[in-house]
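Engineer: Mind looking over this structure? Questions follow.
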Amino acid sequence: MAAVNILVAALLFHAVQYGDCMCELRHPQQQYCESDFVVLAGILDKDVIYHKEGFPMAIHYIVNIKKVFKAGPEYENATKTMIISSTSGSGVGELEMDVNYVITGTIMDDNLYTSICEWVKPYHNLTKAQKNGLRFKYDSGCQCEFSFCREGQCGQLDSNNTCEWEFGIMFDCYHDDGICFHNGEECVWRETRKFRQCENNIYLGDQKFTNEVIPDPM
């Protein structure tokens, strides 16, 4: 496994507030598809970088790459520098030693960058659908787009290439267990067993969902 130095950088979006940052609210699959790299990495060590005025500016993490889900083949065995932003503002905060994280981000000038707006989460906290998505299912839906809709406003898009994510009582079901893919004709949600369980635990009433959710054959 390759040992990699990680620094952190700031990438700001709009929608959800994390501290001083505004981040676009994105589905985990959307974060996977829009990222230049997606890795599973264990945190081995860190080095706090201070500004000349004495406040912490960034943390350089040394990590052990356990799995490269997405990136060029040169990142499999090479030592690389990932830049992560400071612990204040848009930083990802302090990552725990000896914990494996899924980390997404961008590649610029041969360096890896991530931030609080990216998907940085302990791997053991991922759902089964998210782990399966990282390994082989998320990639099958990267030609699809994701769009939020509110109750009563879904189904108005004139597009077969979009999975609509209703901002309502089913939000967590789609976030944690939903996988979007193209079935050859349109983009639809794949219904996993866990997704059906989540759906069954929620009172649906007359709520309708515009995108077809089809059973997972696996």
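Yeah, the Cβs are placed from backbone N, Cα and C, and that goes for glycine too.
Annotations in TrEMBL come from automatic prediction, not curation.
So TrEMBL lists the following for this protein:
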BINDING   Cys21  Zn(2+) binding site
DISULFID  Cys23-Cys117  disulfide bond
DISULFID  Cys33-Cys142  disulfide bond
DISULFID  Cys149-Cys154  disulfide bond
DOMAIN    21-142  domain 'NTR'
SIGNAL    1-21  signal peptide
Engineer: Rounded to the nearest angstrom, how far is the Cα of Cys117 (disulfide bond) from the Cα of Cys33 (disulfide bond)?
Structural biologist: 14
Engineer: Would you count the other C-beta atoms found within 10 angstroms of the C-beta of Cys154 (disulfide bond) for me?
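Structural biologist: Other Cβ atoms within 10 Å of Cys154 (disulfide bond): 20.
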Engineer: Report the nearest neighbour of Cys23 (disulfide bond) in space among the disulfide-bonded residues Cys142, Cys149, Cys154, comparing Cα positions.
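Structural biologist: Comparing Cα positions, the closest of these disulfide-bonded residues turns out to be Cys149.
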Engineer: I need the least crowded one of these disulfide-bonded residues (Cys33, Cys142, Cys149), counting other C-beta atoms within 10 angstroms of each C-beta.
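Structural biologist: So among Cys33, Cys142, Cys149, the disulfide-bonded residues given, the one with the fewest Cβ atoms within 10 Å is Cys142.
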Engineer: Of all the disulfide-bonded residues here, Cys23, Cys117, which one's CB has the most other CB atoms within 10 A?
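Structural biologist: When each Cβ's neighbours within 10 Å are tallied, Cys117 tops the list.
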Engineer: Give the distance between the Cα atoms of Cys154 (disulfide bond) and Cys142 (disulfide bond), rounded to the nearest whole Å.
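Structural biologist: Distance (Cα to Cα, whole Å): 21 Å.
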Engineer: Do me a favour and check the Cα-Cα span between Cys117 (disulfide bond) and Cys149 (disulfide bond); whole Å is fine.
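Structural biologist: Their Cα atoms are separated by 21 Å.
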Engineer: For the C-alpha pair, I'd like the distance in angstrom between Cys149 (disulfide bond) and Cys142 (disulfide bond), rounded off.
Structural biologist: 20
Engineer: Averaged across the domain 'NTR' (21-142), what pLDDT does the model get? Just tell me the whole number, please.
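Structural biologist: Averaged over the domain 'NTR' (21-142), per-residue pLDDT gives 80.
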